[in-house]
């Protein structure tokens, strides 16, 4: 078997296992919080994470990505020690910034005094996260996703259980604040044990320049990405209300957050592999198209369920207080389906060692996205914001197609691209049509309708590409043995 293919399948399996465990516990925590909290309280969490998430992006300085992207002969131990201490010192400065500057500013900006305390508590994770930076980069570079999955699963289970107990005891928003910090804290000893690597008191200016030269572009891209992905939270919380932000955040958690988790699984596997295959455009094209296809196959049925049955799912499971999330949930479900067409292009461009190009593309998209988002929010609130996101996902697909053909010399024709996603799109259209007919026309119970949607989707996929998927599953079983 081709070694690269084996590495991909191993990575997908272990990252997939990590995703299932992480998402399951995350969903349970979110479900309990949604039952216990009001949309306004959920909105406050959204307000806090806008600021803490932005600083989290700055924490690594792109160093982790640089360590993974560099070939083995371009790195020596001093690069790792320098990266560790740079991250630790930088994160300490960011923590102080969050505690004494960002937290008071956010409290005044949103007129929510609780943010003065909530943001510093959540920011403890920022202070701790660089401690795992080098260890995780080493495991990723080795494509040892099995160890990463074990560590992440153990920490998520422990933190998830504690957070659930806290929520049931009435801790409210603090249970979620604890969860994000505890995951990082519990992982520290496990990562050191997994790699056997420990930092020495060594720092090199030359090594810093070498790693930071790549990382600065990656960080710039991540900052732009974060701003694009969270400017809606910032504006909705300021222009509308905490309640509106809570409803919007909840719809986002069920759609785009789930998509982001899946994207991180595949991208974590493909990023180091793209770096190894920089000189083979045909191999890169093949891997990229398969990633698009398999991502779509996995995510589309979930989004079709939400698109078709958003109202009964929200009202029956989460309650009437989340009614305002229904329409945004439907729109964002479609936007996620569109986004899946380009969700691995960032890893591809970065893996090719072109972070500068990636940053320029994100800047271009930001200039388009922000005006449409502002227009949407001011004209139609969170529904308008959802439509703005959908429109910009379509634009992102067009930009990605141009990028492949013109800027990075990987020729992917429209025919090749759409042939890879034909099966999941056909299956989704059939599943949605059946679901709409059963639930809206015949008034069939939403659970029965949901089961029917999944059955018709899976049958269509099996008929279309079942043989290919069966071969991939057999290969995965051989790898596990």
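Note: Cβ is positioned from N, Cα and C throughout, glycine not excepted.
Note that TrEMBL annotation is computational and uncurated.
Note on TrEMBL: of 213-233, 234-254, the range annotated with the feature transmembrane segment is 234-254. Which of 154-176, 269-291 counts as transmembrane segment depends on TrEMBL, and there it is 154-176. Fewer than three CB pairs closer than 8 A are found between the transmembrane segment (182-199) and the transmembrane segment (297-319), and contact between the two stretches is not assigned (pairs 6 or more residues apart).
Using a Cβ-Cβ cut-off under 8 Å and counting only residues 6 or more beyond its ends in the same chain, the transmembrane segment (325-342) has close neighbours at 247-248, 250-252, 254-256, 258-259, 292, 295-296, 299-300, 303-304, 306-307, 310-311, 314-315, 318, 382-383, 385-387, 389-390, 393-394, 396-397, 400, 417, 421, 428. Counting C-beta pairs under 8 angstroms (sequence separation of 6 or more), the transmembrane segment (446-465) fails to reach the transmembrane segment (88-107), with fewer than 3 such pairs.
Of the two recorded stretches, the transmembrane segment (363-379) lies close to the transmembrane segment (234-254), with three or more CB pairs under 8 Å once pairs fewer than 6 apart in sequence are set aside. Long-range contacts of the transmembrane segment (423-440) within the same chain: residues 293, 296-297, 300-301, 303-305, 307-309, 312, 337, 446, 448-450, 452-454, 456-458, 460-461, 464-465, each at least 6 residues beyond the stretch ends and with a Cβ under 8 Å from a Cβ of the stretch.
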